[in-house]
Amino acid sequence: MPADYTSTARALSLPMSPAESLSPAEEDTRPLWSHLASSRRNTASPSVRESTGLRDQVVNQATKMLRRTKKTWRRLTFWQRIGAIGAALLAILLGLSFMIFTGQVFFWLGPVAEKWEQSWLAFFVLWLCVFFVSFPPLVGWSTFGTISGFIYGIWKGWILYATATVLGSTCSFIVSRTILSKFVNRMMERDKRFAALALTLKYDGLKLLCMIRLCPLPYSVCNGAVSTFPTVHPLMYGLATALITPKLLVPAFIGSRIRILSEKNEEMSAASKAVNICSIILTIGIGVFTGWYIYRRTLARAKELEAKERADIRRSLQADHAAHRPHGSFSEDPDVNTAATTLARDEEERIGFNDFDDDNVDLVIDDDSGSEISPNLTKKQFPGPYRDEFTDNDSDVFGDGDGPDSQMFRLHTHVRSG
């Protein structure tokens, strides 16, 4: 019997080896369905795996958004829920009304377009309209661009649209920064994602700003949102807007094609109509695809720069922690330093540091409770690091004995002698 136990224990202690490949003879004896299952696993195409991964990402994002929406909805009071429903219905009605109005406006402009084309007053009024819709939360920027092309043609309409856009976005940036200054400071100190995005503009700010301006984002809202980034200056934002003005040729071109179709509808052949309609559809498709592509690239670049900034901050924290020195400022620019400090706090939590100069964790035991351990882990009660050497002013715990019975912590059990 002992021999059997020994052999069994030895067999159980052996590591589990992976399944060996079967010989051709053994492979023939396998069931047919086993061959089919293995062949399906081995022949899974990369496109199927990629589509499955993309589908999983979409499902995960939708699940997270739904969970976040439910969580926010539960926090709302009864009247807040009624207000949220009313605001959603109002937004839908305004959107539908705006779409209907946009479709009708070109029919109204048809009879007067030729007259307004020669009027500088109409030019100035339309320029002011484009200028003022740059301020959040006004809408209609794209519509006014199409109207500019409809009335003045592609090139003159583009000049009107581009100049009003550059000046309007710059003024909107300055006004929004002045009004939202307190909001900016609060976001910089509390929101690590906001601080990370602000720091990414420190590296290739102009390039990233141009990419943001090319993204299909709400125009006036984008002006107000970018103004909250303290690392972006008004002149830089105006320059980035000026560099992407060739994008504004798209709505101006669409407006000019719509006017040609409306004025020469009866004179044009079916082929000419098809060419103009296809050119409009193609231009819209190119604009949508370009905006989507640049939006994806912008997000990827922002994540890359954020990872780089976090890595630099992490190395700096670890170096100062190893040298037992407090960490200084990250930058001479106060706005950049505030954003970096916010990220540094987040990196401290990830690394496990409690403070810039906190090198040890002390366990505080409450003598009054006798057996309870205080959860407070602080360096203020034990400012000095641990050491084994004693000076004349320190007491030796082994020389003093166990002390009074009220301060003894018994970690053993008493065994009664039988």
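Yeah, the Cβs are placed from backbone N, Cα and C, and that goes for glycine too.
Feature annotation from Swiss-Prot assigns topological domain 'Lumenal' to 1-81, 141-157, 256-273; the stated evidence is sequence analysis. The region 'Disordered' annotation in Swiss-Prot covers 1-26, 367-388. Look at Swiss-Prot and you will find 1-10 tagged as compositional bias 'Polar residues'. Annotation comment: Swiss-Prot describes 82-102, 120-140, 158-180, 235-255, 274-294 as transmembrane segment. Residues or ranges marked as topological domain 'Cytoplasmic' by Swiss-Prot: 103-119, 181-234, 295-418. Summarising the annotation, Swiss-Prot assigns region 'VTT domain' to 149-258.
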DSSP residue counts for the topological domain 'Lumenal' (256-273), split into helix, strand and coil: 12 helix, 0 strand, 6 coil
Local confidence of the region 'VTT domain' (149-258) - pLDDT mean: 82
Beyond the flanks of the transmembrane segment (120-140) by at least 6 residues, Cβ under 8 Å: 98, 147-148, 151-152, 160-161, 163-165, 167-169, 171-172, 175-176, 218-221, 223-224
Chain residues outside the topological domain 'Cytoplasmic' (103-119) and at least six past its termini with a C-beta under 8 angstroms from it: 143, 147, 150-153, 258-259, 262-263
Distal contacts, the transmembrane segment (158-180) - CB-CB under 8 A, six or more residues away: 123, 126-128, 130-136, 141, 144-145, 148-149, 152, 219-220, 223-224, 226-228, 234-235, 237-238, 241-242, 245, 248-249, 251-252
Helix, strand and coil counts within the topological domain 'Cytoplasmic' (103-119) (DSSP): 12 helix, 0 strand, 5 coil
Counts of helix, strand and coil residues, the topological domain 'Lumenal' (141-157), according to DSSP: 17 helix, 0 strand, 0 coil
